[in-house]
């Protein structure tokens, strides 16, 4: 694999390197040599396609950054949302934010802006970007794996709180995913090098000559490891865990108990987990679908079709696969917004602060109809992680008296919500109004 370590720029590096060898830029033969004309046709986008790609990637980058920043703000700011599962979702948002910042802009800049596809960001950025890109994708994939284990344990050990993933354990798992991702991406920090091509233009790509004659074999082994550990193993784990979860959920019943309150608590937890599982399954399925075309195009097809660089419109094919993979970082916040009322309310709250000129219908509903929100709080009772054993009895994100008036003495965030605070109510008991 070339620059990018399995995150999408490797095939582009191969394409541009081959193109630079054939096209003979700035030479009179460019319009005379049929082979060069064909390569121009394959490797150069039309001006209209360039503008379309620039517009698409610019919108994608802004949406990815904005959405994942909102996810981070909502979880970090509201203390009651700092549950074990949400800590893992926070880590996933950080990984998607890294992809948004380091993968999307730098992967297409040199091809869309400059026809000679030069590298403009210097030697240090050449090595650092390849490392950060690969690390971010590993982090995203294995965070999904940890989330699947969290949901699996919540279902399998519903009546055994000590076995569940607590917030402290979630932090340990987050640290483990970072260490693993850094170690897996570390080789790219030393093998990706800045160089000048035969035309004297700055370029960036992998150089495995450090390993001597076995460099090519080492590269193939590393590429295979990246494909297996970045995609195959995570997807296999996700399929196994969620299949087991599905079988367990739909075929199990909550055991009878003499204590009615305890039984109700277990039933509520079971139902809440059943609501959450489809959301994380959807996130995992979209990860598989979004990344599969690009990984096949990078790691599988070149092994069976070495002449892939001579395929007509290969660059268009690559942009489609790359754009689809990058769009996964945007869809996760959208899923949270659609599937979970708490995230939706938090998004509306922070969006009203960041973009005060925009009016949100649901935010108006929450702020203008406080009493209605309390009467219909089941409508807004989406729970992110109701099964964390270390979670304290839940309250609303802002505290209200029973009359529905804001109790500013007990509200840590009263200054944020001002006179018309955002209401996020957790439905734990009939008497839990505060």
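Keep in mind that glycine also has a Cβ here, set from the backbone N, Cα and C atoms.
Residues 207, 427 are shown; Swiss-Prot lists N-linked glycosylation site for one of them, 207. Membrane sidedness, as given by the topological domains in Swiss-Prot, differs between residue 83 and residue 194.
Per Swiss-Prot, the stretch carrying the note transmembrane segment among 108-128, 129-149, 255-275 is 129-149. Looking at 87-107, 339-359, 360-380, the range annotated in Swiss-Prot as transmembrane segment turns out to be 87-107. Per Swiss-Prot, the listed range annotated as transmembrane segment is 311-331 (candidates: 311-331, 395-415). Neighbour counts were taken as the number of other C-beta atoms within 10 angstroms of each residue's C-beta; across the disulfide-bonded residues 126, 204, the minimum falls on 126. For residue 207 (N-linked glycosylation site), other Cβ atoms within 10 Å of its Cβ number 14. With respect to their backbone Cα atoms, residue 126 (disulfide bond) and residue 207 (N-linked glycosylation site) stand 12 Å from each other.
Residues of the same chain lying 6 or more positions beyond the ends of the transmembrane segment (227-247) and with a Cβ under 8 Å from any Cβ of it are 6, 137-138, 141-142, 144-145, 148-149, 151-152, 155-156, 184, 277, 281, 284, 288, 291-292, 295, 299.
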